[in-house]
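Colleague: What follows is a structure written as structure tokens; I'll ask about it next.
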Amino acid sequence: GRSEEGQGIGYYATLICFGAGALYVVLQLAKNNTNNEGKDDVRGKTTDDNKEDYGGESINSAQEQQPQYFRTPLVPYLPCLGAFVNWYLIAQLELSGLFMLLLYLGITTLFYFSYGVKHSKQRKRQEQLRRRRHKNTSSTVAEYESIG
């Protein structure tokens, strides 16, 4: 069984993650509401004023000219839910499990960066430049020795 102290840490970690996720969702909703209120069109009238002027139809040339982009549904709510579930599960780990997780993440991160350094395009370009310089330097030395 787990100790009372371990259960308390998991409880507080879960509570903090849930609170942070809820705060993020509330801030996103507030941001979206303030961005959509009172938008003016090109003539300086709000879209509600335009509906009255044009028989209930809103003519907003600025919005018609903007291209429509695909928006992923349920973003950012579904990713927030996923992050909350992951933090909840991590908070339930015992100390040995948490240590193994950190060890695994450290080893995979080390492998990722070492592979990237070895196979990067920048490194291959630098090696080609070194070969060219070495080739040019050795040919210059050979020419100098043949003259003397």
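Every residue, even glycine, has its Cβ placed from backbone N, Cα and C.
No curator has checked TrEMBL annotations; they are predicted automatically.
Pulled the feature table from TrEMBL, pasting it below:
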type	residues	note
COMPBIAS	37-54	compositional bias 'Basic and acidic residues'
COMPBIAS	124-136	compositional bias 'Basic residues'
DOMAIN	70-120	domain 'Cationic amino acid transporter C-terminal'
REGION	36-63	region 'Disordered'
REGION	124-148	region 'Disordered'
TRANSMEM	12-30	transmembrane segment
TRANSMEM	74-91	transmembrane segment
TRANSMEM	97-115	transmembrane segment
Colleague: Check the domain 'Cationic amino acid transporter C-terminal' (70-120) for me and report the mean pLDDT.
Modeller: 91
Colleague: Quick check on the domain 'Cationic amino acid transporter C-terminal' (70-120): DSSP residue counts for helix, strand, coil, in that order please.
Modeller: 40 helix, 0 strand, 11 coil
Colleague: Just to be sure I understand, if DSSP states are collapsed into helix, strand and coil, how many residues of the compositional bias 'Basic residues' (124-136) fall in each?
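Modeller: Summed by class, the stretch gives 13 helix, 0 strand, 0 coil.
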